[in-house]
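J.: What TrEMBL records for this protein is below:
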TRANSMEM  32-50  transmembrane segment
TRANSMEM  70-93  transmembrane segment
TRANSMEM  105-125  transmembrane segment
TRANSMEM  137-161  transmembrane segment
TRANSMEM  173-194  transmembrane segment
TRANSMEM  221-240  transmembrane segment
TRANSMEM  294-317  transmembrane segment
TRANSMEM  329-350  transmembrane segment
TRANSMEM  357-376  transmembrane segment
TRANSMEM  391-414  transmembrane segment
TRANSMEM  426-448  transmembrane segment
Amino acid sequence: MLSNTEINANDAEKKIYRNTVEPVKEFTSVRWAQTACFVLIAIMNLSAWIDLQGLFVEIPLIIPHTPEGWTLPSIAAICICAANIVPAIVVILRWWQGKKFSEIPYIYLIIIVGVIACFVLALFWQRTIFIFGRERSIWLLSCIFILSMLDCTSSLVFFDYMKRFRAQYLKAAFLGEALTSAIPTILILAQGVAGETICIQTGNSTIFEPTYTQPRFSVRIFMFCIAGIIVASLIAFILLRWTNIVTLADAADVDERKKIKSNTDIVHEESVPMVTIVKSQTSSKSKKTMSKRVFRLLLIINTINSTIAYGCLPSLSTYALLPFGQTAFYYWSVTIPIAYPLSLILSLFWKSVSTNMIIFQSIFNAFLSALIFIIAKQSPCPWLADTTQGALMIITIWFIMSFISGILRIAIGNRIKSEWIDEKGMFYYGATVQLGLLLGTIPIYFLINVFNLFIDRQPCQTYCIS
């Protein structure tokens with residue numbers, strides 16, 4: 001028999017355990033779940049654009065081996081533009097189905113088909129077919145078109161999926177999107193500088209034939225690596241959907257969940273309830289909201305920013321950079337993808353950007369973009385052509401432009417997510433990104449491929465003799 005003193009001592013120990021150890025365990029478990037959820041969302045969002053981002057950083061290696069040559073970026077851009085028919089269909093379906101619309105099947109489709117397309121691209125990108133009077137990279141362009149359909153649609157459905165999470169998890173989506181640029185950059189650094197033209201004299205003639213330096217590993221290995229990353233995105237999305245990690249991350253305070261349970265909508269999809277969307281009436285009253293005028297203005301600025309950064313300038317990359325040498329093109333493909341992650345890091349400290357600052361940044365960015373356009377128009381002999389100073393100039397201008405574009409994109413997304421009352425706000429935000437891409441790509445394609453306003457260089461020929 002235990003004495004009363006021993007019983008009281010045991011009760012005291014249990015009370016101390018309940019008041020100290022158990023709360024610490026619960027706190028640790030919740031913090032782990034929140035961190036895991038954040039990481040899984042970031043990994044899932046890698047599949048949004050990493051395939052096309054990876055393909056575009058490989059452009060310096062791909063161009064010498066394709067019949068399209070310098071026009072390849074503009075042709076790829078028009079493939080991306082044509083692929084916007086799929087997001088347009090998704091917009092119509094969302095409007096038609098209303099609240100019955102679910103983005104979940106689209107996310108599965110985007111990720112799985114993306115993996116398959118990357119494997120096909122890795123195996124057959126160099127194959128050409130004689131069609132319409134010349135050799136064309138049909139396999140390469142077809143894969144670009146398929147990946148474009150997937151990635152353009154991901155801008156809609158991935159951001160639409162984020163309405164299921166609290167506002168702080170939007171940073172995870174932006175982080176994943178930023179890493180779609182950073183990871184291919186790391187891979188291309190591992191590849192090393194390649195694609196440099198070496199002119200070799202043929203026999204005793206004065207004719208020179210171009211040969212190209214080789215990377216440490218091929219484009220095929222590069223695309224296999226990208227496919228593996230997208231597989232990781234699929235696993236992350238499955239974990240978000242089919243485990244209780246999201247529920248644990250949203251259950252940081254059990255008592256608070258009980259208090260707001262009456263104001264909570266639980267979304268049941270795929271027969272397993274995974275995500276709880278909390279709509280607290282008390283918090284919505286205190287939430288800062290923006291007017292319709294500001295909302296429309298931000299969407300317009302986002303459209304213009306996307307028109308410049310994602311529509312116009314990528315098609316001009318060869319004409320703006322290759323006159324300064326293949327090395328300049330390589331370092332551009334390495335440095336520019338870093339701009340967006342740096343924008344994301346800055347946004348962590350710059351919590352909210354005012355509307356006036358967003359307007360100022362967009363105007364300054366338009367000025368930098370005009371400089372890039374002028375330099376591309378001067379090809380094959382722009383200012384400071386074939387010089388290190390010229391290469392530094394164009395790379396610096398492009399880097400600053402990309403950095404500001406990233407700030408604008410993130411700032412507008414955060415403002416809409418936190419201040420716009422309608423849950424469709426993020427859907428419209430993603431739609432304006434695709435609209436800008438459409439508005440920028442078509443005119444540039446015609447300027448390059450129809451009106452021939454931009455002139456390329458032929459290998460082993462001398463240009464810009466003063």
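Backbone N, Cα and C define each Cβ position, glycine as well.
What TrEMBL says about a protein is an automatic prediction, not a curated fact.
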J.: Is it the case that the transmembrane segment (357-376) and the transmembrane segment (105-125) touch, counting contact as three or more CB pairs under 8 Å in which the residues of each pair are 6 or more positions apart?
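T.: Per Cβ check, the transmembrane segment (357-376) does not touch the transmembrane segment (105-125).
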J.: Looking only at the recorded stretches 32-50, 105-125, 221-240, 294-317, 391-414, which one has the largest tally of CB-CB distances under 8 Å to the transmembrane segment (173-194)?
T.: 32-50
J.: Under 8 angstroms, Cβ to Cβ: which one of 32-50, 70-93, 221-240, 294-317 has the largest number of such pairs with the transmembrane segment (391-414)?
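T.: By the under-8 Å Cβ criterion, the transmembrane segment (391-414) pairs most with 294-317.
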J.: Could you tell me whether the transmembrane segment (221-240) and the transmembrane segment (105-125) have 3+ CB pairs under 8 A, leaving out pairs under 6 positions apart?
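T.: Counting Cβ pairs under 8 Å (6 or more apart in sequence), the transmembrane segment (105-125) reaches the transmembrane segment (221-240), since there are 3 or more.
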J.: Considering pairs 6 or more residues apart, do the transmembrane segment (294-317) and the transmembrane segment (137-161) have at least three CB pairs under 8 Å?
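T.: No, the transmembrane segment (294-317) does not contact the transmembrane segment (137-161).
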J.: So which of 32-50, 70-93, 137-161, 221-240, 329-350 is most in touch with the transmembrane segment (426-448), counting Cβ pairs under 8 Å?
T.: 70-93
J.: Given pairs 6 or more apart, does the transmembrane segment (221-240) have at least three Cβ pairs under 8 Å with the transmembrane segment (70-93)?
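T.: By the criterion, they do not touch.
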